[in-house]
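Feature annotation from TrEMBL assigns active site, charge relay system to ASP135, HIS214, SER547. Feature annotation from TrEMBL assigns domain 'Inhibitor I9' to 32-103. According to TrEMBL, the feature domain 'Peptidase S8/S53' maps to 126-596. The domain 'PA' annotation in TrEMBL covers 375-461. The domain 'Subtilisin-like protease fibronectin type-III' annotation in TrEMBL covers 661-766. The signal peptide annotation in TrEMBL covers 1-22.
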Amino acid sequence: MGQFLNSIFFLFISLSSTHVFSSDVEEIPKTFIFRVDSHSKPSIFPTHYHWYTAEFTEQTHILHVYDTVFHGFSAVVTKQQAASISNHPSILAVFEDRRRQLHTTRSPQFLGLRNQRGLWSESDYGSDVIVGVFDTGIWPERRSFSDLNLGPIPRRWKGVCESGEKFSPRNCNRKLIGARFFSKGHEVGAGSAGPLNPINETVEFRSPRDADGHGTHTASTAAGRYAFQANMSGYASGIAKGVAPKARLAVYKVCWKNSGCFDSDILAAFDTAVTDGVDVISISIGGGDGIASPYYLDPIAIGSYGAVSRGVFVSSSAGNDGPSGMSVTNLAPWLTTVGAGTIDRDFPAQVIIGDGRKFSGVSLYSGEALKGKMYQLVYPGKSGVLGDSLCMENSLDPKQIRGKIVVCDRGSSPRVAKGLVVKKAGGVGMILANGISNGEGLVGDAHLLPACAVGSNEGDIIKAYISSSVNPTATIDFKGTILGIKPAPVLASFSARGPNGLNPQLLKPDLIAPGVNILAAWSDVVGPTGLDSDTRRTEFNILSGTSMAAPHVSGAAALLKSAHPDWSPAAVRSAMMTTASVLDNRNLPMLDEATGNKSTPYDFGSGHLNLGNAMDPGLIYDITNSDYVNFLCAIGYEPKVIQVITRTPENCPARKASPENLNYPSFVAMFPVASRKLASKTFIRTVTNVGAVNSVYHVSVESQIKGVTVTVRPSRLVFSETVKKRSYVVTVTADTRNMKMDPSGAVFGSLSWTDGKHVVRSPIVVTQIEPL
């Protein structure tokens, strides 16, 4: 275990153990993570823990000791003490613990999975693969986690089911084979009054049990069993199943209700999960502050490198800060970064206003309908007060709201909470209007009163009707569930977008997967809205977010690893990326929900997950640990900084590599804005044949980009019994003065290798950047 976490530790000092200083110097201790060079432990100490407690801090201050994906510890100390510890020659890095946020069912069918054909049948549904889910825990009694007809637990499994409040090893079975919880960082970091913040056991369980619902939802999306007659209050009825229904689940609770997830606990979960023996890690968590940290300061990047370098595939959510550009998070090249698209199922509702006009929207309201009755329509935002237009808590005057349908603007508070505010003020219904930033992107919500979400344009028309009409009225009609919606997939407006803010040479997100209105299992202590006042209970819930997309890719990785046990995490990702679809179910280019225009590789990466084709990709782009080290050298990291991530001292090659030459299944050619008329960029890639032994592939380039030419040498790759790998060179030449960029600041094309059966496709991005 000692090679995975180069000795990291977190320190916690409770106020009771510190002196009370005068107010101008008093410092509240905080959690810090210390990255230690494990090779420098003096031999006098039997373990790293003995060394840390003797030389760096007291036993009572240490939270976690890391020794698998990372070496070091976390501890609670003052900033002054942390600075003092950081001066020790064995300390490679120190970072303050940060809070992160969750990136809050027909989708397996929509991925091209069908019973007994293709990936599901060939992999025995992934029954030998273990998926670790880092989230809010699990509600183990749900049918999605039944172990009926599953074989014995894989012998290599070393994990456990931890006991805690309302959870014991009896809650585990041959499906849910492991469950742990990590709360030390949370208990120190979530307290506002002081460093110690015991878990609030009136709303949380000090155990792997899920008090939030999000973790149960993501776990069942990745690997839920078949659950017949599944629905959420009558919506989306049918069979609920995860992408890999027979894969085993191990749950690592690192996020706590209303408190987020702390880096120190996430890192401890990575350390433990890899030692336990998971094959895939699913993590729907991100920075939450819109700023991407460098990899050596990002515990998700560090922990996932430790996992990937040991053969564990890590799927992470891209974030929900779209449609803004450069909003994508989880950018490390060893992470698979997943954005969100729609599926071909919708939950339409209709707003009908007094003059007879009808406006399409979306809703999951399941209570008593309005039955066509017209009600007075009001828009509190007419007052010009922002809180009124947003229907914030205590902003509405019951005298003006009672008995009416209220238009509320989206933003600043949860969509379902606005409905509760309207209901408390006596309103009979709500129309939730998107602002310009959300455009026409809609997601369904299980509202507590009759409510319908509408796009920005419809919202503006309805508000104009209210201002111009003497007696504005409306009603809302709910249409239930409709299948076969076209076009689909459409890129979700909230899905985070490129370019990559850390290393624009690397295209992120990698791909998209279903993430809008996804039906999956739910906790039994929280209503479908997640609001405290929602007393409804439901076995399943419908959620949207890149949080929902990442576990689709985790389940897909479980099936691919089951069918191809010798494939590396990079090979699994390559198979998904090079076979991803860029067309929708009309056979036209995928659209962007935010604009209605064509989406681009900055939005969807390589395209939408297409599992049927990923099983047999033909060629794969593999990446080794030393390739990742060369990439880190190429972007300017010094060997000591690289060691923070990789755990072992690294030497950079004398001739610096180019970051563009990481063997990634996509290409980004960046040219300086002021470059001379003709400029060119060269890329080297190596593909490995995983299809028929004797194969010949020919290249085709799709590029109708004015002022750009793409050449590939050789244009033919021949594979045989003895030749499994072939390299090729791509040269992108740009007439930089005559290139016409699209609104995202780039132009796009693609390169495909085909042998007549397989098409191995990679996106090409050409962009201009201001030289630093």
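Every residue gets a Cβ built from N, Cα and C, even glycine.
Curation does not apply to TrEMBL; its annotations are automatic.
Cβ neighbour count for ASP135 (active site, charge relay system): 28 (other Cβ atoms within 10 Å of its Cβ, all protein chains included). Taken together, the residues of the domain 'Inhibitor I9' (32-103) have an average pLDDT of 92. Put simply, ASP135 (active site, charge relay system) is 7 Å from HIS214 (active site, charge relay system) when counted between their Cα atoms.
The highest number of surrounding Cβ atoms within 10 Å, among the active-site residues HIS214, SER547, is found at SER547. Note: the domain 'PA' (375-461) comprises 28 helix, 20 strand, 39 coil (DSSP; helix = H, G, I, strand = E, B).
In this structure, the CA atom of ASP135 (active site, charge relay system) is 10 Å away from the CA atom of SER547 (active site, charge relay system).
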